[in-house]
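For reference, TrEMBL has these:
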COMPBIAS  548-559  compositional bias 'Polar residues'
REGION    540-559  region 'Disordered'
TRANSMEM  28-48  transmembrane segment
TRANSMEM  54-73  transmembrane segment
TRANSMEM  85-105  transmembrane segment
TRANSMEM  134-158  transmembrane segment
TRANSMEM  170-192  transmembrane segment
TRANSMEM  198-219  transmembrane segment
TRANSMEM  311-330  transmembrane segment
TRANSMEM  376-398  transmembrane segment
TRANSMEM  423-448  transmembrane segment
TRANSMEM  469-486  transmembrane segment
TRANSMEM  506-525  transmembrane segment
Amino acid sequence: MYTILLHKLLWKGKTLPISTRVNKFNKFSLEMAHVLVYFALLLMQNYLSDVWKLSFTHAAGIMNIWGGIYRILPHFFLISVDALLGNFLMLVLSSISYTLGISFITMSTPPVLANSTGTCKEYEPNCIGHTQRVLFYTGMALVAVGMSGNSISVKPFLDEQYDIRTRPILAVTLTLGVFVPIVGNFALPYINSWSLRFGIPAICMAFATLLFFTGSCAYNKETPKGSPFISVCRVIVAFAFNICKPYPLDANHLYRREGDEDQTFKCIRFLRCLKKAAILTNPDDPDITKWKLCTVTEVEEAKFVVCMVPIWMNIIICGIVSSIGNTYFLEQANNMNRKIGKLNVPLPILVLLYKGADDLIKFCAYRYLSTPNKVVALRGIAMAMVFSILCCITAAIMETRRLNVIRSHDLLDKPDKDIPMSIYWLAFQFFLLIVLDSFFEQSVVAFYKDQAPDSMKNILEKLTTAVTGLGYMCSVLSVYVVGKISEMGGRPNWFQFTLNRSRLDRYYWVLAGLSSVNLVVYILVAPFYRYKKPEASDAVEDDRETNELTNDIVQASCS
């Protein structure tokens, strides 16, 4: 799916000289390398539990904190890009960080620096010294920075460049964009060496970064125009300065900048007190300070952000449920039977297919939610919460079944032994998790597209992702709290060192209960939000964009 979206950005417009086409390929190479690194990191949970011999909760905690960080950082990076850096500088910093990060992770594997550090070369915990641990954690932090920077700047930076639409270039783009990552990701699972699993993407990332830098003199670099989130902060500060002033009865006493007011965005009835930030006491004052006086439009945008806080609180629970996909679900699948007939399918291949299905369902959710209608968007968010409940219930039932198989075959104290239960029993919970993530993500985008001011849509999407990242981090806290509560009265903790000795099924039931409460709260909160009616022009524009995307997919499949 990322390839289809990228070729929409790359190939729709004018014919350009060869040098510009090469520059476009240089930027696109970053995306291809990013996909290889992304899939190499998907199995980090298994690497930490199998090689480092960490408890499954410790490994999941590391991955969930990392997942939360790289979802929270884009919000702050977007503010920096809009206010200071610009997309080109952000891509430079993120590409360097990305390359160094995955290189450090490669160097942290036991065989790479064994001779220099005096440690052994086997993939065992006693072969991982202090140097390897420092390199690993530093590398993970740098990769989080690189992924966050790329996520906010690649698409806008491509938009800043000229466009092109020619069949030969389109064919080359699709060939490289689809087959190179697919071939690479299908080949990586058959490599047993973790050093090579991380090293090959590191080499590709370094090569892609060098390609990107070769065209640095020819890229179009737009000047930052300021961040809308800073305007929200200015409104809060200006409100604090004017909090003691009486609310004006005459609307003419509110500051409006001529020719710069957004007439398409309706006023929000709630939080009228924030309009004190727009009180104009002296219209002839030439020294109006931006941090003491804001326009009515800026106040309305800030009110929209504040009104979203109750809905964002519901998002945290969805983030907690989403976090179990790349951690506990993979830990469950690690030693299960992966055979299809006589063919033993590697776990990374199944993860790759899982991510492919994720892209497909996201496209279906996009089609379903493409109509600019607040009811459809709200229904999509509610559906995502329903699927989160079903996902947790299904996961609890499957984990109970897995534990019964383990007990019947006396495998409780043999965590490295294969479990005679098909991994495909877990397909139901993986599918429900995909639907949860897809409907939630696309519903939020549709909601902001319909309801939010144009200047705030991008920052609000990243802020919602940041709240989801907060949910990932809260999952670590939830495991700790649930574990402490479970051992009250002298009972054993639900989370033991190994998964076989733990009661992960009970934790899933707790998440199902939290998700149910979350859905009830959302149903109670959502009707109190005042929605604006979509403009007719918005509906026409949305239909046009949807038809364009569909036509591009058809053309891509036929070319």
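From the backbone N, Cα and C atoms, a Cβ is placed for every residue, glycine too.
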*Counting only pairs at least 6 apart in sequence, do the transmembrane segment (54-73) and the transmembrane segment (198-219) share 3+ Cβ pairs under 8 Å?*
no
*Counting only pairs 6 or more apart in sequence, are there at least 3 Cβ pairs under 8 Å between the transmembrane segment (311-330) and the transmembrane segment (134-158)?*
no
*Go through the chain and flag residues at least 6 beyond the ends of the transmembrane segment (423-448) whose CB is under 8 A from any CB in it; none is fine as an answer.*
315, 318, 321-322, 324-325, 329, 332-333, 336-338, 347, 350, 354, 357-358, 361-362, 364-366, 368-370, 372, 374, 376-381, 383-384, 387-388, 390-391, 394-395, 398, 401-402, 456-457, 460-461, 464
